[in-house]
Amino acid sequence: MKHSHEEIRKIIPEMRRVQQIHFIGIGGAGMSGIAEILLNEGYQISGSDIADGVVTQRLAQAGAKIYIGHAEEHIEGASVVVVSSAIKDDNPELVTSKQKRIPVIQRAQMLAEIMRFRHGIAVAGTHGKTTTTAMISMIYTQAKLDPTFVNGGLVKSAGKNAHLGASRYLIAEADESDASFLHLQPMVSVVTNMEPDHMDTYEGDFEKMKATYVKFLHNLPFYGLAVMCADDPVLMELVPKVGRQVITYGFSEQADYRIEDYEQTGFQGHYTVICPNNERINVLLNVPGKHNALNATAALAVAKEEGIANEAILEALADFQGAGRRFDQLGEFIRPNGKVRLVDDYGHHPTEVGVTIKAAREGWGDKRIVMIFQPHRYSRTRDLFDDFVQVLSQVDALIMLDVYAAGEAPIVGADSKSLCRSIRNLGKVDPILVSDTSQLGDVLDQIIQDGDLILAQGAGSVSKISRGLAESWKN
């Protein structure tokens, strides 16, 4: 569904002078979703990225002008430039935009404009926000409310990470990594949990991070709703400071929407939610782990508070196939030593890695877990080094790839070799460092056994590597 420029004036009247919007770093998950929404609203979209891929190709097919690589001439004709937080200050397109006095804004500022004239539901938190955003989006879709959604990962049921709906509802993932979620002014805000991460943004001060989240929740109008996880002690510490209505969810006895009797059979979860009015709702999930039960209950709480019928909620949750790269099963493969299953997962923080391992253990019984782990950013590896050592020691076999730098300079003692050394010293697993990923398949064939679950874990290029491995194993 595309709109004419006359129709755009009715959708976002204040943006009527904007004709062309240029995205620097358009291939990123958050950037591409916003670009797709604006493209479907009828704006001319251009964008650049350092590499071509599925996302940039899809945008090009939809009508966006895509450039591979960055050059000053790419911003020609742009009314406004949207910049990813990954873009450096010396980027030629960014430099030229400022010289030409073209407005340059963060992606969250553009998302805020899209949200301004809609009923916004924003999902924040250190872990689980992509999955929770996807679940809420699918519930509203199942309820025939045709929401607009912008997610940080693929919504598998929809086959994309963004959709322009016809209704007033907008469901969006809120990014705390650069504190840009403070631009958003939603009607409902979900916070899944809070742990120290992206601490460079918060000057290494967790108290500053907490205060920023409270400020985010105070962007709600006085009649808005905050939905917070009762199992997270940091969030419960913040509740008295939130001057808005707060609804909680979780396994905790104090939760307004309380999870009881959780059981996992294979990779399927089922449990009961006790609602504030003591209504009991039986939930079936086809994604594993208690962390996904929490994500689903956050989505259920939002939907119930906004008056959506149980039938739509339960059907959407039962049909939910997961978000892209969240326990993404790539298939079963016959290898020289037997049959193995390969799973790709985005988790790159020790807590995320831990819950993925736990869900795999519960679903995979007494089978071995072989992990291919790619640390993401030197700064995160440094800040959470001891936590990584502990959690990565929980698997049966560990292959370590080099750190995915994400533009950072190396930090002494925060590389994969150092991580391997400390894990080996702990004595629970003997990691294998594989710097040349072309050797990964051969290394795996030497260590895997019949029935193994192979977890490819991390936020960098490990997904592409694991999918390449799956393709080669099919042949």
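First residue shown is number 1, and so on along the chain.
Note that Cβ sites are derived from N, Cα and C of the backbone, with glycine treated the same way.
What you see is a predicted model, and the numbers here were worked out from it, not measured in a lab.
According to Swiss-Prot, the protein carries these features:
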{"type": "BINDING", "residues": "Gly125, Thr126, His127, Gly128, Lys129, Thr130, Thr131", "note": "ATP binding site"}
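Mapped onto this structure are the features recorded in Swiss-Prot.
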residue : record           : CB count, 10 Å
Gly125  : ATP binding site : 24
Thr126  : ATP binding site : 21
His127  : ATP binding site : 21
Gly128  : ATP binding site : 24
Lys129  : ATP binding site : 27
Thr130  : ATP binding site : 26
Thr131  : ATP binding site : 31
DSSP output for Thr130 (ATP binding site) maps to helix
